[in-house]
Amino acid sequence: MAAPVLRVSTPRWERIARVLVCLLGILLSLYAFHVEREHARDPSYKALCDVSSSISCSKVFGSRWGRGFGLLGSIFGNDSALNQPNSVYGIVFYAFQLLLGMTVSAMAALILMTTSIMSVVGSLYLGYILYFVLKDLCVICVTTYALNFILFVLNYKRLVYLNEAWKQKLQAKQD
């Protein structure tokens, strides 16, 4: 016997928060991509996020860790198609979170949660590199780390909410 189809929806505040967080993430990632491209084209380029020598996003984006998380170039080679600027991965991640967040399937909720966990782990890794290795503060980077954590919380709340809603709907169908 097939599993019953249970129609539920997520709270409106969650959908609005997801759209805002994902759009902000996409915009910041596009700006990071722009800064990296301009800095590569003109090394004297000064981005809006370059406040001082220790608060500089273009210094971070231009570093080894600004592409492929500092790992993919070592594994696949610097010319590999996978060794893209981190901002490209950010654009894909936030677009994916936005689009998949429009569905309420159990599989989508699990994928959203799994990718959020991966983004938080990646943020912790890059935050460590930022602070302890590069000894820099990148406002764009830190903001995206915060957005990743907010998405993690949203996805966790979504999973809990949908689980509870499905339980209630299933209970009502059985009664």
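Including glycine, each Cβ sits where the backbone N, Cα and C put it.
Counting every protein chain shown, the Cβ of TYR145 ((S)-warfarin binding site) has 19 other Cβ atoms within 10 Å. Look at Swiss-Prot and you will find ASN86, TYR145 tagged as (S)-warfarin binding site.
CYS141 (phylloquinone binding site) falls within a helix when secondary structure is assigned with DSSP. Per Swiss-Prot, phylloquinone binding site is recorded for CYS141, TYR145, and the stated evidence type is experimental evidence.
Feature annotation from Swiss-Prot assigns disulfide bond to CYS49-CYS57 (among others). Long-range C-beta contacts of CYS49 (disulfide bond), restricted to its own chain and to partners at least six residues apart, with a cutoff below 8 Å, comprise TYR31, VAL35, ILE55, SER56, CYS57, SER58, CYS138, VAL139, ILE140. DSSP assigns CYS49 (disulfide bond) to coil, not to a helix or a strand.
Residue density at CYS138 (disulfide bond): 26 other Cβ atoms are found within 10 A of its Cβ, drawing on all protein chains shown. As annotated by Swiss-Prot, disulfide bond applies to CYS138-CYS141 (among others), with the evidence given as experimental evidence.
Swiss-Prot lists 1-12 (among others) with the feature topological domain 'Cytoplasmic'.
Taken from Swiss-Prot, the feature topological domain 'Lumenal' covers 36-86.
Positions annotated as topological domain 'Cytoplasmic' by Swiss-Prot: 102-106 (among others). In the topological domain 'Cytoplasmic' (102-106), helix, strand and coil residues by DSSP number 1 helix, 0 strand, 4 coil.
Among the features that Swiss-Prot reports, topological domain 'Cytoplasmic' is placed at 160-175 (among others). Note on the topological domain 'Cytoplasmic' (160-175): mean pLDDT across this stretch is 78.
Swiss-Prot lists 13-35 (among others) with the feature transmembrane segment. Using a Cβ-Cβ cut-off under 8 Å and counting only residues 6 or more beyond its ends in the same chain, the transmembrane segment (13-35) has close neighbours at 45, 47, 49, 57-58, 61, 85-88, 90-91, 93-95, 97-98, 101-102, 140-141, 143-144, 147-148, 150-151, 154, 157-158, 161.
The transmembrane segment annotation in Swiss-Prot covers 87-101 (among others) and is backed by experimental evidence.
According to Swiss-Prot, the feature transmembrane segment maps to 107-134 (among others), an assignment based on experimental evidence.
With a cut-off of 8 Å between Cβ atoms, the residues of this chain six or more beyond the transmembrane segment (138-159) that come close are 10, 14, 17-18, 21-22, 24-25, 28-29, 31-32, 35, 49, 51, 55-57, 59-61, 90, 94, 97, 101, 109-110, 112-113, 116-117, 119-120, 122-123, 126-127, 130. Under the heading transmembrane segment, Swiss-Prot lists 138-159 (among others), citing experimental evidence as support.
Separation of the C-alpha atoms of ASN86 ((S)-warfarin binding site) and CYS141 (phylloquinone binding site): 10 Å, rounded to the nearest whole number. Over all protein chains present, the Cβ of CYS57 (disulfide bond) has 25 other Cβ atoms lying within 10 Å.
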